[in-house]
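Have a look at the structure below before the remarks.
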C-alpha cells in the first residue's frame, strides 16, 4: 500500500492523504485531528538533520561486559576480601551495593526516553535515580517526623536541627537616607538565591519552551508567596523584592535568555559526524562538546485555548510546576534541611533533569493522537510530586493547615470563579453561538 501527501496546512502538517490500496483503488483519508506538532515528521525527520551512522564502542550495548565487571566486583567482596568491618559499615556498604545493582540494571535494560544526547544511557540513569528517590520518599512517608529527621542524620550529622528561617520582609525602604549605606535594604536581599532565580528560570524555559506560559508561571509563583507567607516566613518579602528583583528582574532575564537559547536550538542545523571521521584534535574536541547539545529539536506549541482538553492540560501542567516549586520550600521546612545544603541543590538539579523528558512526554501525550498513555518519566515525576506533598501534609500539618487570611481567600475565590466562568464561556457558550450563527446563515442562503 502506498501513501502520498496531497495537502498541507499552514504549519506543514498533513491534512489529507491519498492512499492507494494493493487492488489499485484510490481513496482519500483525512486526519481525524490536527496537532500542534507533526509527530509523523518527528519520527521520519530528514530536514536539517543528518547522521552518518558511525557505530563506535561508545554507542554499542555492553550487557555482557557490564555483567562480567559487576560479577568480578562481587567475587572480590565474597572471596578475596578478608577485612573485619563493623556491622554499621557493612550495612552502609550493603545498601550502597543494592542501590548500584538497581541503577546498573535500570541503565542497561530500561526503555530509552525521548532524548538521545549526551547518551540514551544517561537519561536511563536519570529515570532510575527518579525511581530511587521515589522509593526513599515512600519510606520516609511511613515514618514519623522525628524518625524521618533522624534518618537524614545518617546522610549528614549536621541535619535534624531546627532551622532559623530568614525573613526577607522587614523594612521595605529602597533608599534609606538616614543610613551610612543608603542601599543596605537592597544589598541585604542580594544573596546566592538571586542567581538561583536567574538560572532556574533559564532552565525552566528550556523545559517548558513557551514564553507566555513561563511568565504566567513566574507571576503565579509570586502570588503563591503572597498567599502562603503566613505559613512560611521565607515567603515574606518586600513588594519590590517580589515584583522588581524577582518577577521583572531575575525571572524575566532568565526567561529571555531561555527563549534566545530556544531560538538558536530551533534554527540550528543538526549534522552529526562520527568523531573518528573528524581530522584534528580541535575538531574532535568540538565534536565531544557538541555531544552535550540536543540530537534534534522539537518546538512546543501548547495552544492552551485550542480545545478544552488542551486548556485543562495546560492548567494541570501549571499546577504541577507550582507544586514542585512549593514542595522545595515546605520539604526543607518540615524536615529541617537548611537552604544552602547540598540536598536542596541536588533536588533542584534532578528536578530539572527529570522535568525535561517528563514535560516532553506530557506534551506528546496531549498533542499526539497516537500517544495513548503518559511517558515513564512524566508518570514518575508526577508520583514524586504527589509523594512529596503527602510528606509535607503528614509532617507539617500544623503549618499547612493554618487558615488563609480572609482577604486572600476572597481574592482566590473570585479568581477561580472568573477562570471557571471564562472556561465555560469560551468552550461552550461561544461555540454554541457560532453554531447558531452558522445555522442561521445557512438557512438564509437556502431561502
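Each residue, glycine too, has its Cβ placed from N, Cα and C.
Predicted automatically and left uncurated, TrEMBL annotations should be read as such.
Listed in TrEMBL for this protein:
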{"type": "TRANSMEM", "residues": "57-79", "note": "transmembrane segment"}
{"type": "TRANSMEM", "residues": "91-109", "note": "transmembrane segment"}
{"type": "TRANSMEM", "residues": "121-142", "note": "transmembrane segment"}
{"type": "TRANSMEM", "residues": "311-333", "note": "transmembrane segment"}
{"type": "TRANSMEM", "residues": "345-366", "note": "transmembrane segment"}
{"type": "TRANSMEM", "residues": "378-397", "note": "transmembrane segment"}
{"type": "TRANSMEM", "residues": "409-429", "note": "transmembrane segment"}
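The recorded stretches the transmembrane segment (121-142) and the transmembrane segment (345-366) share 3+ CB pairs below 8 A when only pairs 6 or more apart in sequence are counted, and are therefore in contact.
Within the same chain, residues 37, 39, 113-115, 123, 126-127, 129-130, 133, 196, 200, 203-204, 206-208, 298, 300, 302, 309-310, 313, 317, 324, 328, 331, 373-378, 380-382, 384 sit at least 6 positions outside the transmembrane segment (345-366) and bring their C-beta atoms closer than 8 Å to a C-beta of that stretch. For the transmembrane segment (409-429), the partner stretch with the most Cβ pairs below 8 Å, chosen from 57-79, 91-109, 311-333, is 311-333. Tertiary proximity for the transmembrane segment (57-79) is limited to same-chain residues at least six positions away from its ends with a CB under 8 Å from its CB atoms, namely 97, 101, 104, 108-109, 119. Under 8 Å from some Cβ of the transmembrane segment (91-109) lie the Cβ atoms of residues 61, 63, 66, 70, 77, 85, 121, 124-125, 127-129, 131-132, all in the same chain and six or more residues away from its ends.
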